[in-house]
Amino acid sequence: MEHSRIPEKQGISTIHRAARLSVAPMMDWTDRHCRYVHRLLSGQALLYTEMVTAPALVRGGALHLLSYSPEEHPVALQLGGSDPEELALAARFGAEAGYDEINLNCGCPSDRVQSGTFGAVLMKDPIRVAECVTAMAEAVDVEVTVKCRIGVDEQHPEEILPGFLDHIRTAGCHRVTIHARKAWLQGLSPKENRDIPPLDYDLVHGMKAAFPDLHISLNGGITSLDQVRAHLDAGLDGVMIGRAAYHQPTDILAEADPLIFGTGKVADPIEVVQKMVPYVERHLVEGGRLHQITRHMLGLFAGRPGARAWRRALSEGAVHDGAGPEVMLQALERVAPLAEV
Ligand SMILES: Cc1cc2nc3c(=O)[nH]c(=O)nc-3n(C[C@H](O)[C@H](O)[C@H](O)COP(=O)(O)O)c2cc1C
């Protein structure tokens, strides 16, 4: 197999380390407020944006979609698209905005995305994906990565995935995240496509054995740091977590720094709430609403005493006109005394 030269890219060793544990790109969920909360829970994990489409940036001029807080680093921008020139330009916008990595979405099965030939349907066209990666990698100094499925529709993953990985590696992608299940482009909703096609972790481990020079992260169905550790110990380079990181952020991220990265201390969700106060105040001054931030904090105490009272106080209080950080602090009073018992 032909190997491409690993290009000199900015900050590769730092971000490869951060990618030992990453929080998945999730539309409408991993916006900048969500990432800020996650960053307070883990100083080390790699955070991904929601997918931003290249046409929205390039044709729509929607550069506000690239806004983020400097505290979010290391943070990766995920792009959707299939036109190499457009993706190259969008990648450049992302790099100029300071993102640490530009990721190409080859895994999203939604109808809207299929119609624009983005996302998982690209698993059928590795040559096109390689052209996109080449154009993006030439346009930016930061690393260009891919997030993909193991296959789509009638494809046989064990047959097509090695060829797909070989194409993108030759094109200049040296880090890939593999959602370890197929996507069915017809007949299943995007939500069903995250649950119904069976997970094949062995295949992803097999890809690491076949491509030892590729940095490979596994994604799909991971719900604990113990599972993360097991996959890392078995030879994978990284694990990406989506839904569990969103719904139980403290379980996944609070112990990540000491347990996965060997540095730092366990984060306390009560302190995270307190640290959110100045962030919320800034957001309100800029005309934002409390709920836009606190909707991502509902799971902070999941599985802990007071979790239900916290969720309720926060979700009910945050939607009122003029609601401010005091809503968060009052909700915290329902949790804090219990947590100290
Ligand atoms: C609400 C939601 C939105 C998502 N949006 C994206 C997206 O924008 N880009 C993407 O590559 N994957 C997206 N995904 C898929 C996740 O990144 C991830 O691959 C999937 O949820 C499987 O991981 P998990 O089992 O850890 O959740 C989304 C998932 C959810 C639940």
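From the backbone N, Cα and C atoms, a Cβ is placed for every residue, glycine too.
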P25, M26, M27, Q78, K147, N219, G220, G221, G242, R243 bind FMN per TrEMBL; candidate in H167, H174, H179, H283 listed for that same site: H179
Enumerate in sequence order the recorded positions P25, K191, R308, R311 whose Cβ-atom distance to ligand 1 is under 6 angstroms. P25
Would you mind checking how many other C-beta atoms are within 10 angstroms of the C-beta on P25 (FMN binding site)? 26
N105 (site 'Interacts with tRNA') and K147 (FMN binding site), distance between Cα atoms, whole Å: 5
Which site among K147, K191, R308, R311 has the most other CB atoms no more than 10 Å from its CB, taking these as recorded positions? K147
Could you round the CA separation between R308 (site 'Interacts with tRNA') and R243 (FMN binding site) to a whole angstrom and send it over? 19
Roughly where does the domain 'DUS-like FMN-binding' (23-328) sit in mean pLDDT, to the nearest integer? 96
